[in-house]
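Student: Structure provided below as C-alpha cells; questions to follow.
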Amino acid sequence: MSVSTSTTQETSTGWAPVPDVDKLTILKLLADGRSPAFAATATNYPTSRVRQLATAHGFPDLDKVAWAVDVVAADINRAELERVTDPSTAPQRGTAQRPPAPPTANPAPGAPAASLAPVPEHAAAAKDTAASEPPEHPQDDDVAGPAADSAAGLIARGSKSARARTKRLATKAAEVLGALQSALQAEEAERLAAAEAARAKAREQAERAAKERKIRAELEELERRRDELRGQLHPARPSRPAPAPRAIDPKAVRRWARANGVEVPNAGRVPVRVVEQYLAASTKAA
C-alpha cells in the first residue's frame, strides 16, 4: 500500500487529511504496539479517525505499519530538505547601497553663495579611484541567511557544495534531523499520555478514598444508633454491692482447731491454712 493510495483513502472518507508529522506520530505509536484508542488520546484526534488512518496503512499488520512509518518519515525528511535547499528561500546576494546624500540646505536669504571653484585634478582622480575599488568587507551569502553554525545553515551550505560527498552528508543530516524531530514529538506525546493517565489514576484513588471514608462514617453512625436503641430496650441494672469481709475471731479459730485436731499455736498469729480450713468448715455448716 503506497502513501498516495492511503492518502486517497483518507480523503475519500470525508475526513480532513492528517498532517504528516501527526500521521508519523500515530503510526509510530501503533507500530510500538499501542492501541488506536491510546494513539487517539496521545494526539488529541478522534478514535474513529485514528482507526480509519490505521486501517488505511495496514493496521493491525504491524509490519505494514512499520513500513508506512519509514515511508512517511522519508517524505517528511525530503520535504524538509527541499525547504532548506529551495532557491526561493535562500538568502539573496545583496548589493551595498549608498546611503542617500543628506539634503543640501538652501542658503539663507542674504547669505553668500557657495564657492564654485574648480576641483583640483589630483583630488578628482583620488575620488574616482576610491569609487572604483571594491569594499574592504564584501557581503557574503551566508551572513544574510541562517546562522552558519545552525543545523539548517549547515545543511543549506552542504547542499550547495560542489562535492558529492558533502551533498550526501547534507542529505543524511536532513534525514537525521527530521527523524530526531519525529522522535521528540513521539516522546512528548507519550509523556503527555502518561501524565494524563497518572492524573486519572490519582483522581480515581482520591474518589475511592472519599467513598471509603463516607462508608466508615455511616457505619460508625449506625453502630452508635444501635447502642442507643439497645440502651433504651435493656436499661442496665444497678449492681449489688460486694459483701463486706467477715471479721474472724482468732479465739474461735483456735477452739475449732483444737476441737477438730488441727495444730494451731496458742498465741500469736493464726496460720492462713488454719483460717481457710475454719472458713470452709463454717461454710459447709451454714
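Every residue, even glycine, has its Cβ placed from backbone N, Cα and C.
Since the structure is predicted, the reported quantities are computational estimates derived from the model, not experimental observations.
Per TrEMBL, the features are:
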REGION    82-169  region 'Disordered'
COMPBIAS  99-110  compositional bias 'Pro residues'
COMPBIAS  160-169  compositional bias 'Basic residues'
REGION    226-248  region 'Disordered'
DOMAIN    249-281  domain 'Lsr2 DNA-binding'
Student: Express the predicted model's confidence over the domain 'Lsr2 DNA-binding' (249-281) as a mean pLDDT, rounded to an integer.
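Tutor: Across the residues of the domain 'Lsr2 DNA-binding' (249-281) the model's pLDDT averages 89 on the 0 to 100 scale.
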Student: What residues in the same chain, six or more past the boundaries of the domain 'Lsr2 DNA-binding' (249-281), come closer than 8 Å to it by Cβ-Cβ distance?
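Tutor: No residues contact the domain 'Lsr2 DNA-binding' (249-281) from elsewhere in the chain.
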Student: How about long-range neighbours of the compositional bias 'Basic residues' (160-169): same chain, 6 or more residues beyond its ends, C-beta under 8 Å?
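Tutor: Same-chain contacts beyond the ends: 85.
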Student: Counting by DSSP secondary structure, give me helix, strand and coil numbers for the domain 'Lsr2 DNA-binding' (249-281).
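Tutor: The composition, in the requested order, is 20 helix, 0 strand, 13 coil.
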